[in-house]
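What TrEMBL says about this one:
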type     : residues : note
DOMAIN   : 3-83     : domain 'Cadherin'
DOMAIN   : 84-192   : domain 'Cadherin'
DOMAIN   : 193-307  : domain 'Cadherin'
DOMAIN   : 308-412  : domain 'Cadherin'
DOMAIN   : 412-525  : domain 'Cadherin'
TRANSMEM : 536-557  : transmembrane segment
REGION   : 645-696  : region 'Disordered'
COMPBIAS : 666-679  : compositional bias 'Low complexity'
Amino acid sequence: LHSDVDRGEGRTKYLLTGEGAGTVFVIDEATGNIHVTKSLDREEKAQYVLLAQAVDRASNRPLEPPSEFIIKVQDINDNPPVFPLGPYHATVPEMSNVGTSVIQVTAQDADDPSYGNSAKLVYTVLDGLPFFSVDPQTGVVRTAIPNMDRETQEVFLVVIQAKDMGGHMGGLSGSTTVTVTLSDVNDNPPKFPQSLYQFSVVETAGPGALVGRLRAQDPDLGDNALMAYSILDGEGAETFSISTDAQGRDGLLTIRKPLDFESRRSYAFRVEATNTLIDPAYLRRGPFKDVASVRVAVQDAPEPPVFTHSTYHLAVPENSAPGTLVGHVSAMDLDSPASPIRYSILPHSDPERCFSIEPQDGTIRTSVPLDREARAWHNLTVLATELDSSAQASRVQVTIQTLDENDNAPQLAEPYDTFVCDTAVPGQLVQVVRALDRDEVGNSSYVSLSSPLGPDANFTVRDNRDGSASLLLPHRLALPRREPYLVPIELRDWGQPALSSTATVTVSICRCKPDGSVASCRPEAQLSPAGLSTGALLAILACVGTLLALVVLFVALRRQKQEALMVLEEEDVRENIITYDDEGGGEEDTEAFDITALQNPDGAAPPASAPAARRDVLPRAQPPRQPRPPGPADVAQLLALRLREADEDPGVPPYDSVQVYGYEGRGSSCGSLSSLGSGSEAGGPPGPLEPLDDWGPLFRPLAELYGAKEPPAP
């Protein structure tokens with residue numbers, strides 16, 4: 001930098017500010033020359049904006065305004081191309097045509113594309129020829145040869161290089177890999193690995209049993225390898241069927257119809273395998289199917305006897321005598337037709353033992369007379385067993401129908417109890433009665449009166465010829481009556497021989513309202529007026545009063561008894577308390593309890609000696625108390641004495657008792673205040689009461705209570 005005001009006198013000073021000033025760029029203050037302090041990278045920063053200014057060295061006064069200038073970093077080819085998205089993975093269908101696009105790769109060069117050829121890239125294939133090629137400018141990878149077969153090679157590794165400087169010498173380069181996978185197409189038909197398949201199956205195998213598996217090989221994958229199998233020959237298709245397994249690869253050969261070794265021992269047919277999905281673009285590589293021969297050998301197996309019919313339907317008249325022939329069943333051993341068969345009826349199918357069967361020839365007969373009305377059908381299960389092998393057995397269902405005979409007389413469908421109004425006109429319909437016949441023969445029974453009609457008959461019967469009859473009123477009824485009419489009816493069927501029965505229809509004579517409803521079914525003359533006499537009412541009232549008195553008395557007695565129980569229940573505390581029903585006599589009563597327990601031990605008379613009480617029996621009298629030892633009273637010794645007496649006394653209760661002591665001790669100077677010890681020890685007159693008088697006026701009433709003063713001497 002150089003300013004016009006700088007005349008070389010050294011008075012000008014150059015200053016540099018802005019981007020990178022002082023770090024990347026420095027300036028010579030005297031000459032204005034700018035130097036770079038380190039290597040620059042255009043890819044990091046392409047240009048720097050700086051401010052330069054000339055100032056007076058002595059005063060730092062600006063000599064001219066600051067000037068802005070830009071330093072641009074010139075690019076050089078110092079960055080190789082890179083593939084930011086590599087490595088690449090691509091898929092292309094097998095058998096694709098030449099030039100089929102696989103993938104496009106893109107490289108980037110950090111150099112300046114506007115300056116020289118540093119960023120001009122060219123793509124080439126380093127590895128992967130001759131199968132793939134790449135467009136030099138666009139980087140599009142394409143197939144280079146036709147009919148690439150996935151079954152031959154499925155995966156290809158292609159290396160692509162990108163070089164700058166337009167691919168010329170001295171340019172920098174970078175590479176990436178492209179993994180190309182050939183996807184499968186249906187270009188291979190199925191093929192059986194062998195032309196003949198042989199299987200064997202036991203004749204007892206039922207429909208649906210698996211005979212064997214067939215697999216046609218197809219090198220394709222997925223849906224392109226799915227196959228369908230079919231039987232080409234009609235004979236094999238009728239006896240066998242083939243289907244594809246769940247994976248769609250194997251053919252499952254199964255039995256369609258039962259096999260019989262005696263009738264046919266082997267089957268031969270052809271099976272075809274076909275791809276289910278066929279691509280029309282590859283039909284030229286077909287046909288997409290293959291055929292193989294199959295031979296199935298039927299193996300003999302022990303078989304149970306076979307009945308001539310799958311089911312049997314027999315019939316027998318009811319009421320037939322035991323031993324009547326019903327029919328017969330027949331079975332044969334196919335393995336050995338001359339082998340004898342044994343027949344039997346399973347017990348659970350004939351629990352009542354109504355039938356029997358001949359074990360040798362299968363003849364079925366009745367064992368008891370049958371009743372069609374009780375049971376019309378019998379379902380038997382007959383078992384046929386080979387004599388030489390009891391394990392070989394077969395069953396058959398035999399249905400026996402019991403044929404009907406006319407053995408039941410007709411009866412009324414229901415009991416008929418009807419009425420007729422006393423005002424009924426002649427010819428009026430009273431009731432339609434219907435008959436039922438349990439037999440199938442002669443169900444259309446007719447109805448007639450049980451006796452010839454006379455001119456004075458009250459009712460007539462008309463047969464309707466449909467199993468019913470109409471009960472009619474031939475003429476007006478004479479007089480009302482209390483009892484109903486019992487009309488006899490004779491029922492007869494059309495069977496051979498004809499059967500008949502007699503029934504009765506009850507007809508009541510009733511008074512009816514104008515609308516035809518019943519008002520009363522008793523004549524008025526027979527009705528008694530409702531009401532009670534005076535005597536009957538009095539008798540009823542007397543009975544009621546007596547019952548009330550008894551009830552009141554019973555309640556009172558019961559309440560009194562409950563109150564007595566309640567009192568006893570309240571007093572029954574069930575603790576250490578004894579309840580006495582008698583009342584004590586106060587201080588004079590000395591028999592209710594031991595008064596000595598409340599007396600002063602000093603004043604108690606020493607008891608006389610007595611023999612020791614027995615410990616094994618209950619004493620009749622209380623044992624004497626042991627005398628208190630002389631000397632000063634000690635409460636602890638007194639309590640120990642009373643405790644020992646209670647323990648040694650066999651007459652005390654077995655539970656603890658409470659002893660009440662009235663002795664107050666000797667701590668008071670005036671002695672005891674209890675009245676129990678106021679008498680003398682010898683029972684003489686009371687002692688002098690001067691001490692109480694000496695106590696003062698407050699104790700004079702007490703002295704007057706417990707004794708009178710001696711009269712003064714005259």
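In case you wondered, yes, glycine gets a Cβ from its N, Cα and C as well.
TrEMBL labels come from automatic prediction, so no person has curated them.
Sequence-distant contacts of the transmembrane segment (536-557) (same chain, at least 6 residues past either end, Cβ-Cβ under 8 Å): none. Per-residue pLDDT, averaged over the domain 'Cadherin' (84-192), rounds to 90.
For the domain 'Cadherin' (308-412), the DSSP counts in helix, strand and coil order read 3 helix, 48 strand, 54 coil.
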